[in-house]
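Residues or ranges marked as domain 'LRRNT' by Swiss-Prot: 32-65. According to Swiss-Prot, the topological domain 'Extracellular' annotation covers 32-536, on the basis of sequence analysis. Under the heading repeat 'LRR 1', Swiss-Prot lists 66-87. The N-linked glycosylation site annotation in Swiss-Prot covers Asn87, Asn343. Residues annotated as repeat 'LRR 7' in Swiss-Prot: 211-232. The domain 'LRRCT' annotation in Swiss-Prot covers 252-298. Annotation comment: Swiss-Prot describes 299-386 as domain 'Ig-like'. Among the features that Swiss-Prot reports, region 'Disordered' is placed at 397-422, 654-743. Annotation source Swiss-Prot lists domain 'Fibronectin type-III' at 424-520, citing sequence analysis.
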Amino acid sequence: MAPGPFSSALLSPPPAALPFLLLLWAGASRGQPCPGRCICQNVAPTLTMLCAKTGLLFVPPAIDRRVVELRLTDNFIAAVRRRDFANMTSLVHLTLSRNTIGQVAAGAFADLRALRALHLDSNRLAEVRGDQLRGLGNLRHLILGNNQIRRVESAAFDAFLSTVEDLDLSYNNLEALPWEAVGQMVNLNTLTLDHNLIDHIAEGTFVQLHKLVRLDMTSNRLHKLPPDGLFLRSQGTGPKPPTPLTVSFGGNPLHCNCELLWLRRLTREDDLETCATPEHLTDRYFWSIPEEEFLCEPPLITRQAGGRALVVEGQAVSLRCRAVGDPEPVVHWVAPDGRLLGNSSRTRVRGDGTLDVTITTLRDSGTFTCIASNAAGEATAPVEVCVVPLPLMAPPPAAPPPLTEPGSSDIATPGRPGANDSAAERRLVAAELTSNSVLIRWPAQRPVPGIRMYQVQYNSSVDDSLVYRMIPSTSQTFLVNDLAAGRAYDLCVLAVYDDGATALPATRVVGCVQFTTAGDPAPCRPLRAHFLGGTMIIAIGGVIVASVLVFIVLLMIRYKVYGDGDSRRVKGSRSLPRVSHVCSQTNGAGTGAAQAPALPAQDHYEALREVESQAAPAVAVEAKAMEAETASAEPEVVLGRSLGGSATSLCLLPSEETSGEESRAAVGPRRSRSGALEPPTSAPPTLALVPGGAAARPRPQQRYSFDGDYGALFQSHSYPRRARRTKRHRSTPHLDGAGGGAAGEDGDLGLGSARACLAFTSTEWMLESTV
């Protein structure tokens, strides 16, 4: 196809057509759509796109790929994807500041070969990986400040080590940097590392940074700064005039000792740095402290392994070495052959100065040297290690003798190869044998010269494990502990000595012995606390239950005994009339009831007596007429007892409230003054208890009850009361008067007559009173 006029004009445009072509290109550029809410400035020959504060959540996909400057600041972009900046080969300046970027895809900037400035400050980046900044071979300015970066990979800056001029990593969480990579940035002008957690700067980092004009290490955790020609250059030393250099390291906990003396000798105009340690220089201005106060202390070894370490060949050993000084000493170890030891498959040096030898060999026998060094000097301490070679055990027999118990033993015994003879066995004695220990004795080995130590090896006949014990050559006894009870053991003692012929350690059997530990008797252990507590609870509960049962049994017996008596009394008193007004009477000074005296003939009262017969009890009541004329009242019960303990009689007496006529009425037949019996009347009788043998006397006007001051209460009740429920007051004064009296004229009142009053014995009265 032949080229048209337009294409030929582009290939060789005449001078008169140049303005027209510029306008045409601008029109074509304006034909590319601009993303919404963005500002596109097409000023030839550059294309600038401004999308600041537009609320973008991601990089707009409609961005012109020919853009030269792209600013996406103050948005909400959370991630940078691989396709966001693809094919933007003309992009020179990219600003992504003040977003929420936390992820950057690998190779996201790989097509930005012309990019000179990348601003990713004020985002949420946590780390910088080596594949994230790949392809930025022309980068000059990298701004990563005010993020959350904790780690930077060593290969992260490899793409622009020779081109970068400005590196900003301030306000992050960095504890370390790839100082080796930083030292290769030969065109670096500004290094900003302030407000991080950096506590160490590798020595020689700034040697090649001849173009560095500003180093900001403010507010980190630096204790010291390594000597570097960078700082010397700022003082004007050298053949070339110095480049202006500003170094800021204020806000660091500087340890002002001899290691910072080189920095103190420099001339500085600022006076912002202070010392944190040592204590006598705390909070003092660094540049105002005299040089003679920047001191160091030589190391002093404070703790080391014992003067001699004994270890069996093949076992591990640890050699400790501690040192103090200012600055803190560094510990190194030197092997017996003069080699400087480091970390290897067999040895390891810890940070605290401990040397671990995992597998010892015969070459390790000798003196190890601990060297502690710092800026003020060094200190050494020897540690001797003695490696005991493994004993040369005899080969196992072709046909081992049968064992009484299952198991095997590889100890040389008199009946097996490797043992000397029966005399060797006799030289070894097992004494003080218990269930878990035994004391082994053997004589001195004079025929064997140069004995270095003794080796005791033993095991049980049912155990395949062989136990070794190394003891000094001066010992002739050994106490073996931690044995199992009731088990047979084979034990041999070997002497380790130097064989002059081979110059190697050799062993010789001193003797062997077989023994059986005692059985483990069942120990008598005291009862535990919770067992004693349970026993006490059971015992106390048993006592309480027994007491309750005894109390119940006593109540049942008492109820049965007194319940039968109450029932008999109730049966005998069912026919008695209703009574009231209780009064207590005693026979006063009466001495007994051997013979009951008769009532006087002139008395106006007649006593009623209960006549008992063998067929059925009959009650004969005798009444006497009363002179007083009183109203009719209910019968009254009067209980009395003689002081001499005589029986108490049950009689009927008229109540005080009864009238004269009604009181004269008798229940049963009565005698007239002439002695003749008269028929009974229909008036109800009055029941009372009078003391047997007591003379009849007029009834007192004042009543008394068995309960003392509760007489009125008894007077207000008209229901009958049992005689056993009442109390007896023997101290009533007006009832203890002259009580005897002469015997009545009536002979029927005597004790010898066939008719007898119903009486309560003294024993029954006391039982009833107790209840």
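Just so you know, glycine gets a Cβ as well, placed from its N, Cα and C.
Taking Cβ pairs closer than 8 Å, the repeat 'LRR 7' (211-232) reaches residues 165, 170, 186-205, 238, 243-255, 259-260, 262-263, 266, 276-277, 327 in its own chain, all 6 or more past its ends.
When the repeat 'LRR 1' (66-87) is classified with DSSP, helix, strand and coil residues number 0 helix, 5 strand, 17 coil.
Asn343 (N-linked glycosylation site) falls outside any helix or strand according to DSSP and counts as coil.
Within the repeat 'LRR 7' (211-232), the DSSP-based counts of helix, strand and coil residues read 4 helix, 3 strand, 15 coil.
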